[in-house]
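*Asks:* Quick one: the structure is below, questions incoming.
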Amino acid sequence: MENILNHIGIENYIFLSVILFCIGVFGVLYRRNAIIVFMSIEIMLNAVNLLFVAFSTYHQDAEGQVFVFFSMAVAAAEVAVGLAILVAIFRNIGSIDIANLKNLKG
Amino acid sequence: MEKNLVLVLLLAPFVGFLVNVFFGKKAGKGMAGALGTVAVALSFVLSVYFFLQVNQTAKPIAVKLFDWISVSNFKLDFGILLDQLSLLWLLFVTGIGSLIHLYSISYMHDDENMHKFFSYLNLFVFFMITLVVGSNILIMFIGWEGVGLCSYLLIGFWYKNQDYNDAAKKAFIMNRIGDLGFLIGIFILGSMFSTLDYGQLKAAITAGNADTAKLTVAALCLFIGATGKSAQLPLYTWLPDAMAGPTPVSALIHAATMVTAGIFMITRLNFLFDLTPFVQNIIAIVGAVTALVAASIGLLQNDIKKVLAYSTVSQLGLMFLALGLGAYNVAVFHVITHAFFKACLFLGSGSVIHAMHHEQDMRRMGGLRKIMPITFMTMLIATLAISGIPPFSGFFSKDEILMTAFHANIPLWVIASLASIMTAFYMFRLMYLTFYKDFRGTEEQKHHLHESPGLITFPLIVLAILSLVGGLISLPFGNSWLNQYLAPLFSEAHHAEHHLGTTEYTLMAIAVAGGLIGIGLAYNKYLKGGYVPKEDQDIDGFAKTVYNKYYVDEAYMALIVKPINGLSNFFRETLEPALSRLVYGLGSLANGLGSLGSRVQNGSIGLYLFAFVIGFSAIFIYLFLANK
Amino acid sequence: MNTLIAISGLGIFCLFAEIINLRKAIVPVAVLGLIAILGITVSEFDHPSAWYNNMVIVNNFSVAFSSLFIVLTIFILAMSGDFYKDKPSKFSDFIAIKIFLLAGAVAMVSFGNLSMFFLGIEILSISLYILAGSDRLSILSNEAGMKYFLLGSFASGFILFGICLVYGATGYFDVAEIYALSQGAGLPVWFYFGIAMILIGMLFKIAAAPFHFWAPDVYEGSPTLVTATMSTLAKVVAVATLYKLVTSLNANMPHLFQVVIVAIAILTMAVGNLLALRQENVKRMMAFSGISHAGFMLLALLSLTTAAGTLFYYTAAYAFAGIASFAVITSVTKNKATQNVSDFNGLGKTNPVLAAVLTMSLLSMAGIPIFAGFFAKFSLFTQTIEAGYLVAVIAGVISSIISIGYYFKLILAMYNKDADAETTSFPWVYTVVAVLAIALNIGMGIYPGCMFDLLK
Amino acid sequence: MDVTTLLLLLFVGAVITFIAGDKLASKVALLFSAAALGVTVYLLTTVQQFSSLNVSYPWISAPKAYFALKVDGLSLAMVLLTTALTPLIILSSFANQFKSAKNFYALVLFMAFAMAGTFLAADGLLYYIFWELALIPIYFIALLWGNDAIEARKKAVLKFFIYTLGGSLFMLVAFAYLYHKAGSFLLTDLYQLKLSSCEQTWIFFAFFLAYAIKIPVIPFHTWQAEVYQKAPTVGTMLLSGIMLKMGLYSVMRWQLPIAPEAAKTYMPLVLGLSIAGVIYGSIVALRQKDLKKLLAYSSLAHVGLIAAGCYTLTYDGLSGAVSQMIAHGFVIVGLFYAAEIIYRRYETRTIADMGGIRTQTPKFTSLFMILVLASVALPGTYNFVGEFTVLYSLSQINVWYAVIGGTTIILGAYYMLKMFQNVMLGETNAKLFADVTVGETVVMVVLIAFLLFFGLYPKPLLDLVNPSIQEILTQINRS
């Protein structure tokens, strides 16, 4: 079956995803605002989702796209929990800077 | 029957020991003393019985009691061998032992622990019998160590005085140094010949195909053992100190019996020493030098028992000289006569000390001749004997040694003769200072002076008589009884008789003259000159060196004891904690690493994420890049 | 599969129980229900089956581990009744979340498809995020929850990427298919990239160095019972899953992977034990102890074909000892602000039973016979030696020696010091759980064969 | 009636002692330990063929392990040592008032159980388990009922525990490796292994580490003196009397026959270490100020000699080592008991605070003296038999070993007599020393009677042990 991958090549999708994933990783590493960190994690996940879709097309197989739904649902749940914890933290210390979370160490 | 009698002979003193240990206190002092004496006397009677039997039949009595120790290449029985040599020793051990027990009943009567004293004495006699009658070297070793133990117990009998305890300890440890040599000798013999039984050893060694070098080492080791027990150079220093013990102990153990164990051992193993001339030479030299050194120290001692102690060392040296020259029978002869006169001397000095209320310094004595005539007479006889004046027993035995030395090696003869002259000098010095002139002690002592009771004088008299006539057993004319009696023990070589020729008579004359010179010098200085030795602080010059025993004890202290103690302190205070710290150090290292790690774990999420990524990258690089 | 459904049903029941005012019944019902489910699960032993196009595969491995998880959950739930009694309004939530967590755990060991695996791990993780931060008013708990969440979802991203790459390389999520393909040659390199990423994600979950940093902080900050859950149940689940993943995805593990495993195992043991030495907080100490045990368990990956039984034994031994010790720790520190070693002073006198149980569980973790921990370590060592990695065994031995240092610190405190504060009451349920758990541990020690042989 | 009964008896005894409560604990413990002794003696006297008592039940299938016990003269002799000393040790403690006595005596019996198990085990895993089990009770005994400041004690016992456990873990690795090679832990299978010299070397040293720490051989001894000093006397007795014999026994039973080639290759090294221990221990003991520490170092010296005997790989060395092990067990228990008797009256272990005791208690003095003499291996005591045989075996390897090792008879006499002099002799001590009680006398007399009897007539014990030693030697010399 004719598809776009014949023209662009699966490698490029992989590279794109890797780049996106790395952007996410660096976002997580360098930002201290919890919300932005969350968003960076979302970028990582979505980079993967993108790749899933690409592979799904590559293999002419729907499973990959189904998996994307799973992973989106999971990501949503995860972020919900994360935000809830964040709210609790904000109520306790009035800040969402993760650099302030250094009570536990040693 | 015979076996039972042998057992009684052996165990009677042991039973005496047990009874005295457990019931002595309740039985009372007289009872305890009597019991101890009877036990030893019983052994003596049996010894005489067996002696007569063996003397007649010339057949040794051997009894096997039970299987004892076995090692890979041999088994040892606990067996008893009553032959000419052991019986001879038994006779004077139990005989003199009985007399000294008798003597002690009176001598120790004031001591609260008298029953203990007798139990120890009995134990000593038991071990001495064991030493003598065992059928193999290891049993001898049991007795050997056992008498050492009793010596330890008895030297330290007055245990409240730590100096005495030190002396006891010193005796034990010095002995143990020798014992190690003895043990090593036993090991070498055991592994060479797969037996330690005298008979089998003799057969194996005389078969003549043994490695001489190894034999030499073994003999040397055994001799080291003998130097410990018999107080020869360099291990002699314990014996003078051992005089801390009660005087009967000095008489029995440190003069008559125990210290002759070394001579017994070498005589017992004469077949071994005969094959190792190198060791024999060493023995002769050590003996002669010991005789001279000890005699020279004896010249200036003021403690009456110390004088006797050094004289013992010196006499033992003469015996070793004889042993080294292969004249075992001569050595044995001197052992016997020495036992008589030295026991007599010690007991006599004990009598004096008893009278003087435990004063032993001759500078505080004098003029006792009239107050204690029996003591004086008996001691005089013994002194004449030790000085080698005919016809007293010491003359014959000492003369034989000198004669043997002369025939073997003139320098040794010179040394031995010098020692004899010194002996005569210091013995008469002792007599003059003690018994002549005026009393130099305190008034109080003078007031209490008295002749000792019968229980003390009786043994003295018996021993004096023996000192007088003891020489009869081996008169230098023809083939003496002793030599014949002992002949089965020795190889043929020793049967060569002395032909009394001019040389021999000249030698005798020289020896007697030497003795007389010594006596004369002493007479001149102490009786005629009325000289009384200086107080300790006034002694100076070379005399001080001699008086302080050439500082040998101090040298040992500085060269051996101090370094070991220093090492001990070093180990205890430095090395042990260091080792300990090493172990703790490992723990601290772990703790330190832990602290370091804790610092990395600083609570920062960023760092944790960073570590994750680093770890991830490292693994990826290793897996997919580094190995491409 | 029946297990999974039943567990989920039980969880939902717990949520409903709140609505129909049956709060008091929740714990007994949950415990009884789990016991029943345990029966169901065990009955599936030796009856392998596959469900829903191989989404879920039930085999002896999954049954054995599921049963272990259920037993652990029973213990944890039994303690929850007392632990949450001053938080009645959230009671059913906590219980339900723990049961859902169990469902995730069961899914993780019985997956037949990577999507099932991913769902399982996320259910487990999200439940744990919630539980870690569940003490809403405590900043420490918040911090623990946040740290766990951030790092956990970061790691999830890696796992997801790994799954994606594996899918891309093979075109399948079904592990059996992937396994078949991995036997052949010609897979693109990103297949191995994917495997590596999944493994690294799992290494994070079991807290292997250098991915371990979250564990001590999270363990310390979380409510004690949650710490117990994480250090026993969650750790065991992660290890079992890791093992299952490795065996089912890639039987012929390249030598390079083994080297990495050995290196990480040694590093993990060292880091865990060394850092534990300096800890005063018991929960934190147990976290490091758990890290070091993760290092040991990693050694099982070196002998994939034979180690299932050993791993099962090790995890069970570790988990029971952990439950026993955490039961004691929870009981002792229940009304205290801190959980320091000094809080255990004099326990030997005030409550000898708890002290004895804690001692025994620590001895088990230290690997002293006759406790199960010894056999676990020993058979792991044996297998590792057979696999040819003596160096890993030596490292294990050395770290075992180090571990005595901190385990005994606690024991010494219990027996050798007098109590600082007045004694508080010790609810009976903790004691019962502690004694039962340690009894199981000792039973395993006296007759280890029964468990070693299960997964032949 | 077999050895399993014996083990069960001790184990059940421990449980019942615990149940019996504080008041009855000591009596119950004594009863059970005496019963165990009875069983041992019964077995020794009635059984003709010891191998008929061997036990072997399958226990674990993977790794394959058996509950296997090997009964021969050697193991029975060691069991006898254990069961004979345990009641004496328990009896000796009757005068002490231990808090929570039930725990204490239960631990003592449990330790006896573990030690007897170690001596009997014929399966490596089982052996290792017993070996480690013995460690736990002594740890608690020393920790909970010990002397001195708690911090120092804690440090000492922890070091002891970590040290010994650390050593044994390497042995465990060796066992794991052996299992990998042989497919079983059974002694018989391990004996049949053919290991390369490299394998033998590291297995030999893995075992050596475990045993050298337990025995202890220098420089692995640093735990010893501290623990001996800190532990309560009962613990010290158990440690020095029985437990360190576990190490020596294991050398004979496990280390040498499994790695004989390595044992031959490294003989100079291990012999050197052992003999160095003799001198080192003696010299350190010379200047000790603490009575228990002095005895600890004397023990170090003596076990050095025993270890040397083991490592000679000769019949004499092994046989002498066994004799010496038993003899040392009895004598060191007696000596520590003497120290305890003094401590009960003077509340001190510092030698300088003693002295002048002899006048007040002649009976105790005599008993103590005999023990001192036994410890310096005076002929007539069992110690002499052992020491003589060991030194003889050393002289067969090299006379200089015997000479250096033999210095123990000199140095030993030196420090023991010095100790005795300072402790017992001298001017009568101002402090009252109550005469020894009947119980105290009984314990010491029994110990001494044993030593003297077998000193004069060691044949029964030698006959008991020697066939096993022959067997071990056959294993060592297999090609």
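Here the Cβ of each residue, glycine as well, is placed from N, Cα and C on the backbone.
Features from TrEMBL:
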TRANSMEM  C:27-45  transmembrane segment
TRANSMEM  C:57-79  transmembrane segment
TRANSMEM  C:99-132  transmembrane segment
DOMAIN    C:113-403  domain 'NADH:quinone oxidoreductase/Mrp antiporter transmembrane'
TRANSMEM  C:148-169  transmembrane segment
TRANSMEM  C:189-213  transmembrane segment
TRANSMEM  C:225-243  transmembrane segment
TRANSMEM  C:255-275  transmembrane segment
TRANSMEM  C:287-305  transmembrane segment
TRANSMEM  C:311-332  transmembrane segment
TRANSMEM  C:353-375  transmembrane segment
TRANSMEM  C:387-408  transmembrane segment
TRANSMEM  C:428-447  transmembrane segment
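How about a rundown of where these features are and what they're close to?
*Replies:* Listed as Cβ neighbours of the transmembrane segment (C:57-79) (distance under 8 Å, sequence separation of 6 or more from its ends, same chain) are residues 1, 3, 7, 27, 30-31, 34-35, 37-38, 41-42, 44-51, 95, 98-99, 101-102, 105-106, 109-112, 225, 228-229, 232-233, 236-237, 240, 244, 308, 312, 315-316, 319, 323, 327, 330, 429-430, 432-433, 436-437, 440, 454-455.
Tertiary proximity for the transmembrane segment (C:255-275) is limited to same-chain residues at least six positions away from its ends with a CB under 8 Å from its CB atoms, namely 196, 199, 203, 207-210, 212, 216, 288-296, 298-299, 301-302, 389, 391-392, 395-396, 399, 402-403, 406.
Residues 206-209, 212, 215-216, 218-220, 227, 231, 235, 239, 242-243, 246-247, 251, 253, 258, 261-262, 264-273, 275-276, 279, 311, 314-315, 318, 322, 365, 377, 380, 383-384, 386-387, 389, 392-393, 396, 399, 403, 406-407 of the same chain sit 6 or more residues outside the transmembrane segment (C:287-305) yet have a Cβ under 8 Å from a Cβ within it.
For the transmembrane segment (C:311-332), the residues of the chain that approach it from at least six positions outside its boundaries are 64-65, 68, 72, 75-76, 79, 83, 224-225, 227-228, 231-233, 235-236, 239-240, 243, 282-283, 286, 290, 293, 296-297, 300, 339, 343-344, 347, 354-355, 357-358, 360-362, 364-365, 371-373, 375-377, 379-380, 426-427, 430-431, 433-435, 437-438, 440-441, 444-445, 448, 451-452, 454-455, judged by C-beta separation under 8 angstroms.
Same-chain neighbours of the transmembrane segment (C:353-375): 289, 293, 313, 316-318, 320-322, 324-325, 327-329, 331-332, 344, 347, 400, 403-404, 407-408, 410-411, 414-415, 426, 430-431, 434-435, 437-438, 441-442, 444-446, 448, counting only residues six or more beyond its ends whose CB sits under 8 Å from a CB of the stretch.
Cβ atoms under 8 Å from those of the transmembrane segment (C:428-447) belong to residues 71, 75, 78-79, 81-82, 313, 316-317, 320-321, 323-325, 327-328, 330-331, 353-354, 357-358, 360-361, 364, 369-375 of the same chain, restricted to positions at least 6 beyond its ends.
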